[in-house]
Amino acid sequence: MPTDVLTVCPAPTGTTWVIQSEGYLQGKTTIPGDKSISHRALMLGALASGETTIQGLLLGEDPRSTAHCFRALGAEISELNTEHVRVQGIGLGHLLEPDVVLDAGNSGTTLRLMLGILASHPDRLFTVTGDTSLCSRPMGRVIKPLQQMGAHIWGRQSDTLAPLAIRGQQLQPIHYPSPIASAQVKSCIMFAGLMAEGQTTITEPALSRDHSERMFAAFGANIIVDPDTCSVTVTGPAQLHGQAIIVPGDISSAAFWLVAAAIVPGSDIWIENVGVNPTRTGVLEVLEQMGAKMTLANQRTVAGEPVADIHIQHSQLHGTVIEGAVIPRLVDEVPILAVAALFAQGPTTIRDAAELRVKESDRLTAMATQLQKMGANITEQPDGLEIQGGASLQGADVDSFGDHRVGMSLAIAALNATGSTTIHRAEAAAISYPNFVATLQQLWHS
């Protein structure tokens with residue numbers, strides 16, 4: 001029978017989770033809508049003419065930040081209290097100059113993609129900010145190419161940190177060779193290119209997630225993708241038209257349950273309606289390399305995105321090396337893969353993941369230090385982690401650092417630990433997975 005494996009406790013600084021586990025995961029579940037697609041559906045719907053309907057939108061804090069900002073810019077967006085949302089677009093080029101500061105909350109996607117949109121709307125002044133974490137995250141990676149297009153952006157530390165002020169301009173198209181494979185950088189420039197006259201091309205060193213490319217095409221943008229050169233070209237000015245969007249389940253959220261089922265003896269679960277876009281399935285490939293007993297069923301395409309149901313059972317995992325071109329395809333799953341590696345036979349090495357140091361927290365430091373408290377043999381490297389498998393974890397007092405993925409990854413590690421684990425600042429899970437606790441209670445049996 002399902003049991004209360006996790007207790008939610010109010011705390012002076014937020015919410016604390018207390019996990020006392022003895023059991024296994026069993027059953028079927030669905031997961032919240034994909035966060036990346038949810039953001040883009042709201043933004044493109046706001047910029048399009050006509051109505052956009054969104055089914056399966058993630059009702060997390062980050063998409064709420066996006067909706068809040070675009071309402072202030074003139075779009076009509078229904079309340080995010082159900083997964084069915086309507087957006088009445090204001091039309092590309094017709095954003096209003098807001099009389100408030102646009103607050104992106106904790107959402108790097110909201111802020112970075114929105115910069116490309118705001119910078120390309122001439123004769124308007126915008127001010128954007130975020131929470132303490134977001135205001136410490138690097139924005140220079142998107143501001144630099146926007147300035148090459150003619151954008152006027154000012155901010156702290158030589159125009160690299162929020163709060164930021166933007167004076168919209170008529171931008172010029174560019175060819176930008178991005179030094180990093182980042183869907184946020186690519187998408188920011190793509191949004192800016194919608195209003196520039198001519199072809200804007202972005203080339204990456206490796207493929208990053210391609211939700212923007214798929215959705216730009218669906219909304220009517222003139223876009224050319226060349227996978228051989230990892231480049232995408234947007235021709236502006238564009239005309240966008242409202243669409244009916246169906247958001248699949250977020251594979252980054254599914255990853256927590258995939259790893260939990262793989263490492264907890266006796267577990268056997270199905271996760272239904274998971275987005276399996278090939279630019280996001282690095283986590284599946286790595287788990288298969290590690291020996292996970294996993295199959296994909298009912299594979300289909302829904303609103304232009306590959307979707308499948310995933311069946312996974314407990315199995316003995318083996319250590320591996322995670323590096324190179326696969327990193328952009330699983331960058332958000334590195335924390336939970338580190339947990340999987342703890343229970344594998346042999347060592348696991350994670351390299352080329354320095355990007356994790358500038359996420360909602362320094363995720364390499366956060367995972368290393370907190371898992372060490374639980375008895376893990378894990379060593380932090382400049383761009384990754386060295387993890388010795390065969391762990392025997394003990395419950396401990398750990399901190400999420402206010403990072404949703406760190407907090408949920410620690411919760412999964414606690415399922416295989418002896419004794420009680422207390423996770424502080426666990427309320428951060430609501431950023432991407434508001435019903436994480438409910439799903440765990442549903443799947444857990446003892």
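Glycine residues also receive a Cβ, built from the backbone N, Cα and C atoms like all the rest.
Given the structure is predicted, the values throughout are model-derived calculations rather than measurements.
Copied over from Swiss-Prot, here are the features:
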- Lys35, Ser36, Arg40, Ser182, Gln184, Asp332, Lys359: 3-phosphoshikimate binding site (BINDING)
- Lys35, Gly108, Arg137, Gln184, Arg363, Arg405: phosphoenolpyruvate binding site (BINDING)
- Asp332: active site, proton acceptor (ACT_SITE)
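Known features from Swiss-Prot, placed on the structure.
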residue	record	DSSP (3 states)
Lys35	3-phosphoshikimate binding site	helix
Arg40	3-phosphoshikimate binding site	helix
Gly108	phosphoenolpyruvate binding site	helix
Arg137	phosphoenolpyruvate binding site	coil
Ser182	3-phosphoshikimate binding site	coil
Asp332	3-phosphoshikimate binding site	helix
Lys359	3-phosphoshikimate binding site	coil
Arg405	phosphoenolpyruvate binding site	helix
If I take the Cα of Arg40 (3-phosphoshikimate binding site) as reference, which of the binding-site residues Gly108, Arg137, Arg363, Arg405 has the closest Cα?
Gly108
Of Ser36, Ser182, Gln184, Asp332, Lys359, i.e. the binding-site residues, those within 10 Å of Gly108 (phosphoenolpyruvate binding site) when Cα atoms are compared:
Gln184, Lys359
Spatially closest candidate among Ser182, Gln184, Asp332, the listed binding-site residues, to Arg405 (phosphoenolpyruvate binding site) (Cα to Cα):
Asp332
Pairwise CA distance, Lys35 (3-phosphoshikimate binding site) versus Arg137 (phosphoenolpyruvate binding site), rounded so that it is a whole Å:
19
Lowest local Cβ density (other Cβ within 10 Å) among binding-site residues: Arg363, Arg405:
Arg363
Just to verify a number: CA distance, Lys359 (3-phosphoshikimate binding site) to Arg137 (phosphoenolpyruvate binding site), in angstrom, no decimals.
7
Neighbour count first, Cβ atoms within 10 Å, every protein chain included; then name which of Lys35, Lys359 tops the list of binding-site residues.
Lys35
What's the CA to CA span in angstrom from Ser36 (3-phosphoshikimate binding site) over to Arg363 (phosphoenolpyruvate binding site)?
19
How many Å separate the two farthest-apart Cα atoms among the phosphoenolpyruvate-binding residues Lys35, Gly108, Arg137, Gln184, Arg363, Arg405?
19
Counting across all protein chains shown, how many other Cβ atoms sit within 10 Å of the Cβ of Arg137 (phosphoenolpyruvate binding site)?
18
By CA-CA distance, flag whichever of Ser182, Gln184, Asp332 among the binding-site residues is nearest to Arg363 (phosphoenolpyruvate binding site).
Asp332
Name the residues of the same chain, 6+ apart in sequence, whose Cβ is under 8 Å from the Cβ of Ser182 (3-phosphoshikimate binding site)?
Arg141, Glu204, Ser208, Pro328, Glu355
